[in-house]
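Note sheet for the following structure.
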Amino acid sequence: MDYLQTTKVDKVTLKDRFNPSFENNGTLHLTATHLIFINPAVNPELWLSYSHIATVEKQQISIKGAPLKIVCKDFRVLNFVFYKERDCQDVYVSLQNLTKPVNYAELHAFTYEPPGSKWPRSDGWNIFEFEAEMTRLEVPSDLWRKTDINKDYKLCPTYPEVLYVPATATEETLTGSASFRSRGRLPVLTYYHKYNKTALCRSSQPLTGMRGRSVDDEQLLQAVIQSNPKSPVMYIVDTRPKINAMANKAAGKGYENLDNYPNVLYRFRGIQNIHVMRESLQKLSEVIENPALNAGEFFDSLDSSSWLKHIRSVIDTSRFIALAMLMDNASVLCHCSDGWDRTAQTCALASLFLDPYYRTIKGYQILIEKDWLAFGHKFNCRCGLLRRENREVSPVFTQFIDCTWQIMQQFPFAFEFNEQFLLTIHDHVYSCQFGNFLGNCQQDRRKESLSEKTYSLWGYMCKQLATYLNPYYDPNFNADKRGIIIPLINPQCIRFWSGMYNRHAFAHSKSETIEDRATRIYADNKKLEKEISAISEEIALLENKSAEGQVNGSICENPEDEDENSNLQLNHDLKTMDSSTTEIDVQQATEIVDSNTLSEFEQLAVQDSISDGNEVKNTEMTKDVNYTISDEA
Amino acid sequence: MEFMDIIKTPQVENVTFTMVGERKSVSGTLCLTSHQLIFFDKENKKDELWIFISSIDSLEKKITDSSLVVNIRCKNFRNIQLTIGDITKASDAFESIEKLVKINEIDKHHAFYYNPNFAITEDGWKSFNLETEYARLTAGSRDFRVLEVNKGFKICSSYPERCLVPSSVNENIICKSAKFRYLGRFPIVSYIYHAKKAVLMRSSQPLSGPNELRCKEDEKLLNAAIFGPKHCYIVDTRLTNYATNIKNKGGGVEPSCYYPQWHRIHRGIENYNSLKDSLTKLVEATSDFDCSSSAWLSRVSSSNWLNHVRSILNTACFVIGYLFDEGATVLVHGSDGMDATLQITSLAQIMIDQDCRTIRGFQALIEREWLLGGHPFSSRCSKLCNTQDISTSPVFLLFLDCVWQLQQQHPCFFEFNEEFLRVLGHKAYSSEFGTFLYDSHAQRLQAQLPKRTCSLWSYINQATVINDYINPSYEMRKQIIRPSTVPHCIVCMKIYLCHYNVYEWSSHG
């Protein structure tokens, strides 16, 4: 609380860049975790978590007041104007203090309690287990084995404790290889494509510049080749441009000398390093913030930011890896410099292309757990969660999310989740509301016992799964090709994602999208289906009862009772008639759920919207009938 | 010249056919007829492909050692490559195709030789009735009436015979006003926003000339359309400079001293001449699959196409602002009033009137504003791009692109889908139907098109066909829709990228 110079400021204006005439005047509150702006006329209120704030900047004072510009990590830009300069200064200083915490304990995750209905803290913390995932991938134990050589993170501090390596590789080989690789990140298995027994391995660069060669490392790679009965060769995909790899060699690191690695095909792929990516995003942000551009200038600035070029290079490299495993039946070792940025992007994306499981909600979370969290992507540094030097910050994970979105655009039926799912993950990587992405590696997270002190994002997300469902999802998409998707990489297919970068600019004026509407229909159908099955159950129950009633009635001689009985019979007839119509509706509804192409879906949606009215009427009618029956019963 | 004289070789064997961009080749036989290239694979007959001669935008040949390669650019943005082994036969075929493509006489058009292969249940030539359409526009208001002022197309060759005008003006006023307007295109009622009694009118430029001549009847005609607030707007689609320069050629603007109630606004919509180059550049950008990201983006930018889209949409928004927000009467014109003007007036109606967002309503809008409004379809759409002809320009395509942008931003407001717009675009350029032939209603009547050709609407409005054009997310809503024209909201329309639909497993390494 010492950080707060002020907690409430009146007479603040929030300006809209794209709609300058819109006057949004209200009150600004600073709490321990959030900045809140309330204008009684505007709904909803603006809540901004401090950890989302990237920069705060005071600008030239004008007659209108003292402006303060806040740029957020989710690409929102807020321009406040304060009536009093003093207030502006106070807010500025407070935000400076609040937005760059030094210790973990200051992060929102350690104080966050979910509002409303609570759930156990452990929810979502246990969705991923390395062994379970490898079992799911059906990694054959005669070719690949589990090793606990990294127990207590002794061999490689930034790797998980459990590793999978070729069955023929000895512990000495592994230790030797680790000492030859930058930060001990030796080649290990990350994805296994069971259909053609090819493996995707990852590592960091070898220390060729310093140590020349390592027989152990060479043996390990030969063991990788031997573990693949289908091909006598393997690929090493060096995601860096060749010139970067050579520069690294001068620094004692570098790339494998092929003279020592027989049967290895080497490919440099040209993804730029974290610094280039950071600058690219910086330039992209300038494009996003500038409302004055015309269409031509917009494309020119987009071009000069190179952002789409970088996105394309990441997808291109991942596609290369996938095709090498698929078409050449070759195992692939992928590395960059440290093997935790570009390697994480490309390994995860290649797996996403090859395995439809990773395109489900659960699967995508597993993918992030495996290739990003377990293998030590430095979220803490890359996302600037704690006060650190800026040089380490880079939008590597943002690019991964962007790439996923690009693939979703090309294959709208192949994903169980929607855009909102990606945005939510991206937001919460930065929000620090959940413990998942704190720290730089698994060891860090264990040390801080995050799973006991904080909530998991996965637990939170699983409480509102319905908002993340893609209404077009077809679980059997491309089933004849084992669900494999190979995206196009023509520059025309790589698009600017305004849903991410311009998300907040037009939120208020957005029209309902087809997805929104499809989602609505989908949800309505689900609800109706449920209602139908509940009613059918009730009907079945009452049918039994009324059958009993008839038996009783036949014994009864009372004429009044008989009257009641015939009444019951009539109702019963009516009801069976209705239950047959409801059955058709169920069928129709399930058809909609099962439909697998957009056009089919759309057609059915039409039918549905036409039949919607009838359906509701039908269920209402059955309800009425039920009422009369249950009254009598 | 008879077709048979042109076609030297009716049939060529051993032709390899490649759809550029799909990287898929088929070999078979090529047949030439008067209006089509027919390509088929003799062994398995399923790969039969028809290309209308009229859909060919340009073609060129390349001779290699063993074969002749013919590159065909189609008006539907597809590129096709034919590789023919027999060089002599190939040259004959190429020559014949080239001559067929060059035939310009509308009389020889495909539409006159076409026999519909479906039973006509509804004659499209009759589905649109101008009287009912006018009745819908006036909605019983006595302030407007239909005058048969243009009988025999005497005062304006590009207007219909019966025009909708304010009730208080008579034929004399209109005739005088027509003389004062370029090509006789006097101010005509295009749409009425009844809630505020605001009128949308369109015309061509006044012939005020360098001496700022006046025409009192023209002033009267315009003032007769003022029912709401006393201030009105003239939206001139040209830049001020351009409009001033044209004075020396006899054209010009309404002198403000004679039109005191009218506030004139100039919008810099570029002349239709520049659109062709833009489209040519855009098509080049979209058909180069192997370029870098940077080349793609800078080509899209330098094509300037999206800026055209934006300025049209922006201007339409201005009109909506006056009409809907202020309730003021608006007159839109450029030079001829048959290109940008029609884009603006029809887009404004789509935004404001839910009827125009239905399939039938959109057809009626095209009939009323474009076909009866005198957009010279045959001249503008004779070629897509890659031509020297100055009257060619993708004005209608740009309009469809703008509608598509609206559709992208408000997907649940349109009864029709993207495919519908795509089909309209293609059929305007090359078609077996007579609907978009000739430059004006008068010419179409003279050529007796309803007797001699089949209407596009006859085809589209069949129950089986129309189904493909229905947007399942459509909900009838009366709201006005407005586009956002911030650059990131304007996207490249997918039809230019139609060759990317293919699932591809190319080799790598």
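Keep in mind that glycine also has a Cβ here, set from the backbone N, Cα and C atoms.
Note: TrEMBL annotation is automatic and uncurated.
The domain 'Myotubularin phosphatase' annotation in TrEMBL covers A:124-501.
Here TrEMBL flags A:Asn273, A:Ile274, A:Cys336, A:Ser337, A:Asp338, A:Gly339, A:Trp340, A:Asp341, A:Arg342 as substrate binding site. Of all the Cβ atoms in the protein chains shown, 26 others lie within 10 Å of the Cβ of A:Trp340 (substrate binding site). Under the three-state DSSP scheme, A:Trp340 (substrate binding site) falls in the coil class.
Summarising the annotation, TrEMBL assigns active site, phosphocysteine intermediate to A:Cys336.
According to TrEMBL, the coiled coil annotation covers A:518-545.
The substrate site, placed at the center of the C-beta atoms of A:Asn273, A:Ile274, A:Cys336, A:Ser337, A:Asp338, A:Gly339, A:Trp340, A:Asp341, A:Arg342, has further neighbours from the same chain whose C-beta lies within 8 angstroms: A:Ser204, A:Thr239, A:Arg240, A:Thr343.
Farthest C-alpha pair in the substrate-binding residues A:Asn273, A:Ile274, A:Cys336, A:Ser337, A:Asp338, A:Gly339, A:Trp340, A:Asp341, A:Arg342: 12 Å apart.
Close to A:Arg342 (substrate binding site) in the fold, though at least 6 residues off in sequence, lie A:Thr239, A:Arg240, A:Ile271, A:Val314, A:Thr317, A:Cys336, A:Val396, each with a CB less than 8 Å from its CB. A 10 Å cutoff on Cβ-Cβ distances gives A:Cys336 (substrate binding site) a total of 29 other Cβ atoms nearby, all chains included. Remark: A:Asn273 (substrate binding site) has A:Arg240, A:Asn244, A:Ser337, A:Asp341 as non-local neighbours, by Cβ distance under 8 Å and separation of at least 6 in sequence. Spatially close to A:Asp338 (substrate binding site) yet at least six residues away along the chain are A:Ser182, A:Arg183, A:Arg185, A:Ser204, A:Gln205, judged by Cβ distances under 8 angstroms. The predicted model assigns the domain 'Myotubularin phosphatase' (A:124-501) a mean pLDDT of 94.
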